[in-house]
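S.K.: Below is one structure. I have some questions about it.
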Amino acid sequence: MAPSGEIGVGQTGGITAQHEFTAYGPSHWAVLAVFVVGAVWLVRLGRRQSEQQSRRFGRVLGAVTAVIYAGVLVYGLVPFDVRWSMPLQLTDLATVVTAYALWSQKHWAYAVTYYWGLVLSAQALISPALTGPDFPHYRFLAFWAIHLVVVSTAIYLTWGRGMRPRWRSYRVVLAVTLAWVAITMTFNTIAGSNYGFLNGKPSTPSLLDVMGPWPWYLVVAATLVFTVWAAMTWPWERLRQAGPMDTSGALPVNHHADHPGFSGVMAAVCGVVFLLMGRKNARLAADLAGVTEDDHVVDIGCGPGTAVRLAARRGARATGVDPSSMFLRIARAVTPKSANVTWVEGTAENIPLRNESATVLWSLATVHHWQDVTAGLREAHRVLAPGGRLLAIERQSEPGATGFASHGWTRQQAESFAAQCHAAGFSDAVIESNDAGRRAVWVVRARRP
């Protein structure tokens, strides 16, 4: 678990360069400059991306990372030496997990990338364990490519895409790290190797030099690293528990919960009218959620089913839930029988679906009608599978608005809903101002860990 960076597989071989790499020489400073500029760009990019754009970008960058690592792995096998050719450095595992985190944006993979990248791999930027030829030698490029992509991915997913570590994440990464230490130390003892610098300090200067002799420096390093990881978790958990802001005195997010709903002739008339509305909200929701054929989309308060049919056209399995039997009757009448769609009568507080059966759950312009937001979010958390996406869209309204103009949210109400998402166990809640056609809307997105 060496804090100092290492190349991973492939410690030998390659063409001969004229100059040796020197820490804090010109090439090192150039790498640090590239890292700073790239990290800032990634954060800005991540904050502008929709869910679909983020998924596409992550898969491209994840695939590129996997290809780079495969090249490093193959190169390290020639000539093969068990002492340095095995993919047992922490950097090896971190790079593989980083590629998967980018590809899938699974929370566990993100958590490993966050802790390992920002503490362990980041040490390579400060005290690089790189000996040999300088730029543009293969070993120089491979070393920095691997370490920079791990650290930069942790920054991108955290401050660009709004993913956050949890105490559960901390415990999982702690267990994974200790398992790696046990396996790698055993292998080192048998093979006479020193992967991860677990059986001896690196030959280049590092923080391990001030932590005492072996094996005591391992105890000191582990205590320091695990404490830093805890410190990196605590602020995010405090923010999650406190919520984005104090909403005392504000309108509740369901300020039209007293609406009796639609039935009879009024439901039939409104259902036909709603068929002509909501298409822009539906497109925005599908784009932001990144709906694909792998998804099961649940629409709470689906009305006549505009957004449900759009999700089905994008290849997803879709379920529309609404308390109005008339709305559902209209939805069935206008939906092709070949569509992969199910209609069920229910409410946000009582969703008649199995546990963890959905990957996307959205509510478009209907949360302000929910009877009980706490119960509704509890149900959403139950129905969504781990990693599932929650999305709510409401038109932007002004404080004090009345009549039809009040059917939406103020900024404060959007903040309040995000806070309630956190309290209900969702993570990575973000609030966005967006446009659905010519209408400004608030979007709140969150994930089920």
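Note that Cβ sites are derived from N, Cα and C of the backbone, with glycine treated the same way.
Sequence annotations record features per position, and here TrEMBL assigns transmembrane segment to 27-45, 57-78, 84-103, 108-126, 138-160, 172-194, 214-236. The domain 'Methyltransferase type 11' annotation in TrEMBL covers 298-391.
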S.K.: Using a Cβ cut-off of under 8 Å, list the residues of the same chain at least 6 residues beyond the transmembrane segment (214-236) that approach it.
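M.R.: Same-chain residues near the transmembrane segment (214-236) but 6 or more away: 1-3, 114-115, 118-120, 164-167, 169-170, 173-174, 181, 198-201, 207-208.
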S.K.: Could you tell me how many residues in the domain 'Methyltransferase type 11' (298-391) are helical, how many are strand and how many are coil under DSSP?
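M.R.: Across the domain 'Methyltransferase type 11' (298-391), DSSP assigns the residues as follows: 32 helix, 31 strand, 31 coil.
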S.K.: The transmembrane segment (172-194) vs the transmembrane segment (108-126): three or more C-beta pairs under 8 Å (separation of 6 or more)?
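M.R.: These two stretches do touch.
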